[in-house]
Amino acid sequence: MRRKGVNYSRYGYIFTLPFVLAFLVFSLYPILYTAVIGFTNMQGIIPKPLEILDNPFQNFKDLILENASFKKSLINTGLLWIINFIPQMGLALLLTAWFTNKRLNVKGQGAFKIMLYMPNIITASTIAVLFSSLFAYPMGPINSLFEMLGWSDAPIFFLQDKTTARGIVSFIQFWMWYGNTMIILVAGVMGINPAIFESASIDGANGWQTFFRITLPSLRTILLYTLITSMIGGLTMFDIPQLFLQGGPDDSTLTTSMFIYGQAFKGSYMYNRAAAASMLLFIIAALLSAVLFYMMRDRDAAKLNKTIKQQRKAERAAAKGEV
Amino acid sequence: MEKIKEGSAVALRINRTIVYVVCILLALLSILPFWVMFVNATRSTAEIQAGLSLLPSTHMMSNLQVLLDKSFDPIQGFLNSFTISASATILTVYFSSLTAYGLVAYNWKLRQPFFTFIMAVMLIPAQASSIGFYQFMYKIHFTNNLLPLILPAIAAPAVVFFMRQYLLGTLSLEIVEAARVDGSGEFKTFNRIILPLMMPAIATQAIFAFVANWNNLFMPLILLTDKSKYTMPIMVSLLRGDIYKTEFGSIYMGLALTALPLFIVYFLLSRYIIAGVALGGVKE
């Protein structure tokens, strides 16, 4: 029990103070500063007095309505994310169904998980340069492989083709992340009450029925979490496309983060335009987080409702039993 | 009845075979690119041009020589990356644990709003504030300094969230009360008693914080222009440059050198890493 006369609550403030200070200085201030820069004329390498534009939203307007490169970068980012996420989720779900199927009883799951997760831990920059070397033209490992297998007569210039370049970038993202997603989903299935699976198997449900009727619905929160974190990760995709092809060919792998980086730090010093683009990125990310936040908050209330319902059901069943 | 049983046993065996074949193929897909990278690091450019091989050759030292001659300094890069990652990791796990303890152990007025706030800012990407951050650091002459890559690690909302969940499950306030009766101050209680209790969670978060900092490209690329401050991922980006255009052997050597520390860490700690990934998703 707490001794009288000593109030410990101030330690709550003291212990969280370093976090708050660091957040204010290194996160909140830079975000607000970025937002302000987005409304100004800050351009060029030589600092000059900042002026808010006559029309403060000019930078945003130009970006959304006129800047073809920005629009392209948004479309590319979405495209690269979708082409990687759908197969990533598909394969992760398939592997989850297999690894958690008691009848199949897959051996060596630990070793498989270690192998499939491995690309996720290696530096994305290294992987990007590695793949660009593997797909080298005219002679590179992939071209050699294609020739050995008799799939091609002459060397193929993979990285010159827009569709192939996008496909490879998406493939790298897919390859780096499906293991991660699969491990999260398997852990989620392990968290489901085993009694539910038992009763399903007693009722004669087969593997697919169990998976689609019980496993998937129970994973709803985790699937949403994976979806949102993957979307925000995809929104900020930078390392792989930047070092794989530097956005080429013909800007087909230029992402929004690369656009921001390119505007500000690659010789044109368009800080205001880059800041406006950052803010648009921030707004999209904030909207996505808000969805997740809302769903995760709501869950406790939903859970409570569920238990109340279950209790009522049990009571009714008990009452019936008595009769 | 017997026939049906036999039939389902055959079906099960076929299914199982498919599962193993697919899993083994996927494992090969994970390994092969890196295998080719390590093998090609030991082959000469002529050998690499001549075709694919899965067996190492004898040109490791000459590849390394060519690489080092072209201002690629893996030791400096390693030291810079290590300084940043180790310092940032220590700051992240210490201050996140402290913040989480403040959230769990004490009853203060703003506790709930503060936690809500942490959840709200958890997913803000670094790119959203990068322009303001760069201008801020530029004004106080902090570009080409490792500190702007280290100090922000004090505020890691996602790690605080994880640590809070861990403390809620493990911390009993009686220990804290007992320490108070023994005359231990609040800071001393945290450092001597709570931190050791949190070690399993700290170890998991430390691995991920270290790897994330080590692999970070975006912020270092913006802030560091001085060659002596380059981190490993920036060094990798140099391998894409013109000076290596035809030196395939040394490009693979450079890639292998940047990836090697991570492979060592991964195979030593893979069990904990996989367990940590699984925990990250089950945020119940």
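Using the three backbone atoms N, Cα and C, a Cβ is placed for every residue, glycine included.
Feature annotations, courtesy of TrEMBL:
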| type | residues | note |
| --- | --- | --- |
| TRANSMEM | B:18-38 | transmembrane segment |
| TRANSMEM | B:78-102 | transmembrane segment |
| DOMAIN | B:78-269 | domain 'ABC transmembrane type-1' |
| TRANSMEM | B:114-134 | transmembrane segment |
| TRANSMEM | B:146-163 | transmembrane segment |
| TRANSMEM | B:193-214 | transmembrane segment |
| TRANSMEM | B:249-269 | transmembrane segment |
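Packing against the transmembrane segment (B:78-102) from elsewhere in the chain are residues 146, 149-151, 153-156, 159-160, 162-164, 166-167, 171, 190, 194-195, 198, 201-202, 205-206, 209-210, 213-214, 220, 229-233, 261: each is 6 or more residues past its ends and has a CB under 8 Å from a CB in it.
Long-range Cβ contacts of the transmembrane segment (B:193-214) within its own chain (Cβ-Cβ under 8 Å, at least 6 residues beyond either end) map to 81, 84-86, 88-89, 92-93, 96-97, 101, 105, 149, 153, 156, 159, 162-163, 166-167, 170-171, 175-176, 179, 184, 232, 261-262, 265, 269, 272-273, 275-276, 279-280. Listed by sequence, the residues of this chain that lie at least six past the ends of the transmembrane segment (B:114-134) yet keep a Cβ under 8 A from its Cβ atoms are 103, 143, 148, 157-158, 160-161, 164, 218-219, 222-223. If one looks beyond the transmembrane segment (B:249-269) by at least 6 residues along the same chain, the residues whose Cβ comes under 8 Å of a Cβ in the stretch are 34, 37-38, 40-41, 43-45, 47-48, 59-60, 62-64, 66-67, 70, 72, 74, 77-78, 207, 211, 214, 232-233, 235-236, 239.
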